[in-house]
Amino acid sequence: MFNNAIRKTSICVALTLAFSANAMAVTEIPFWHSMEGELGVEVNSLADRFNQSHSDYKIVPVYKGNYEQSLAAGIAAFRSGKAPAILQVYEVGTATMMASKAIKPVFQVFKDANINFDESVFVPTVAGYYTDAKTGHLLSQPFNSSTPVLYYNKDAFKKAGLNPDQPPKTWQELAEDTAKLRAAGSSCGYASGWQGWIQIENFSAWHGQPIASRNNGFDGTDAVLEFNKPLQVKHIQLLSDMNKKGDFTYFGRKDESTAKFYNGDCAITTASSGSLADIRHYAKFNYGVGMMPYDADAKDAPQNAIIGGASLWVMDGKDKDTYKGVAEFLQFLTQPEIAAEWHQKTGYLPITTAAYELTKQQGFYDKNPGADVATRQMLNKPPLPYTKGLRLGNMPQIRTVVDEELEGVWTGKKTPQQALDTAVSRGDVLLHRFEQTNK
C-alpha cells in the first residue's frame, strides 16, 4: 500500500513537472500595436489563431496608443532594454526606424531562423516602401497598408437630390455637392482625417507632384520639401473657401472625422481605407466608397495613391527562440487565407498578391462594391519616382508642423500660401537636423 502511494505520488509529481516544463517552454512574444476599436479586435483574433496552432509560442498583443505614441514608447523601451519583440510603426516612421539602430531587419530574422521567406509574395508597390535600397531586402514586414478613400452617405445624397451611386470625382464637384448637402439639412458637408497625409502627401502624389526633392527622400537624406507649389496652394485655398462657407469642417489632426461620418453628422469624409471596419460596424445608413477626388484642371491626374498604415518591425536584442517565434508569426500573417481575411475585414490593402487574387476568386469585391477602391487607387498608374511613397527623416514631426500651419488657415490667421511656405521652411529645418544626426 505504502509503495503504491509513493508510486502514485511520484507519477503525480512527474506529470506536474512535465506540465510545468511545457508551460515554461512557451516563448512569449510581446507585440505592441496601435489598432483600436474593431481593428484591435481583429489583431487579437490573429494572435489567438496563431497561438492555438503554435504551442511553443504565445503572441501577446498590447495596444500602446496611436502611431506617434507607440513609436515613442517603442524607442524609449529599447533604450531601457525593455522593448517588445514586434513593434507596429506607421509608414512615416520608416526613416526613423532605419536610423534607430534598434531593429533587426526582417529578412535577417527569417534567415537566422532558417525559415524560407519569399519577399516576392508582397505587392511590389507596398513592399517597395519598406525595402532597403542598398540590399533590396525588406527591413520590416507590411501589415496594415492603406490609401485614403472617400466615404459618402448615400441616404444624404438622395435627400439632397444627388445620385447616390455617383460620388464626386473632382474636388470641384465635391465643393458643389457639399453645398447641396448642407442646404438639404446635413450639419457637416465634408470633413477629413489625417490632413497632412491626405490633403498634402496624397494630394501631391495623386496629381503627380513631388512632396520633396530626391524622389521624396528615397535617393538621400539631403532632400528638401516641395509641397508649396501652385497646385497644392490652389487645393488648400479651395478647402479654405469651403471652410468659410461652413461646407468643410475641421475636427482634428487624427481620424476624428470618421466618427463624425458614421454617426451621421458629416455626409462626406476622406479617411483611411482601414476606417472601413469601424464604418461598417457603426454606420446605420447606406454608405458608399469612392476614389479620392482630383483637381479637374490638373494635367494627367489622377496618378496613383501612396500608402499609409504601418508595418511590423522586429526589435534588436532578443534571444534565438524569440526570433524563431517572430518569424513563424510573420510567415503566418502572409498565408493567403489569413492575409485575405485581414484585408476583407479591415479595409486595409491586400499585402500579398495571393491575398488579392483569393479575394477576387471568392467574389468579395462583387458582393462588397467599393472594397477594392484602395487597391485600384494604388495601382491606378505605374508609380513615378516621386509617387511611390516618401522616406523623410523626422516625418512625424513634419506632419505636426503641417497640422499647425493648416490650422492657421482654417482659423483665418494665414493664407494657404503663407501656411505652406512656412510649413516647408520649418520642415526643412527638421530634415536638415535628421541628415546631420545620421551622417
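Glycine residues also receive a Cβ, built from the backbone N, Cα and C atoms like all the rest.
Look at Swiss-Prot and you will find Y67, E91, S146, S272, G309, Y348, R399 tagged as sn-glycerol 3-phosphate binding site. Secondary structure from DSSP puts S272 (sn-glycerol 3-phosphate binding site) in a beta strand. Using a 10 Å radius centred on the Cβ of S272 (sn-glycerol 3-phosphate binding site) and all shown protein chains, the other Cβ atoms total 23.
The feature signal peptide is assigned by Swiss-Prot to 1-25, with sequence analysis given as support.
When secondary structure is read from DSSP and collapsed to three states, Y67 (sn-glycerol 3-phosphate binding site) falls in the helix class. Over all protein chains present, the Cβ of E91 (sn-glycerol 3-phosphate binding site) has 26 other Cβ atoms lying within 10 Å. Comparing the binding-site residues Y67, Y348 on other C-beta atoms within 10 angstroms of each C-beta gives the minimum for Y67. The full span of the recorded sn-glycerol 3-phosphate binding residues, Y67, E91, S146, S272, G309, Y348, R399, taken as their largest Cα to Cα distance, is 22 Å.
The binding-site residues examined here are S146, R399; by Cβ neighbour count within 10 Å, the least packed of them is R399. Within the same chain, residues at least 6 positions away in sequence whose Cβ sits under 8 Å from that of G309 (sn-glycerol 3-phosphate binding site) are Y90, E91, F143, N144, S145, S146, S272, G274, Y348, L349.
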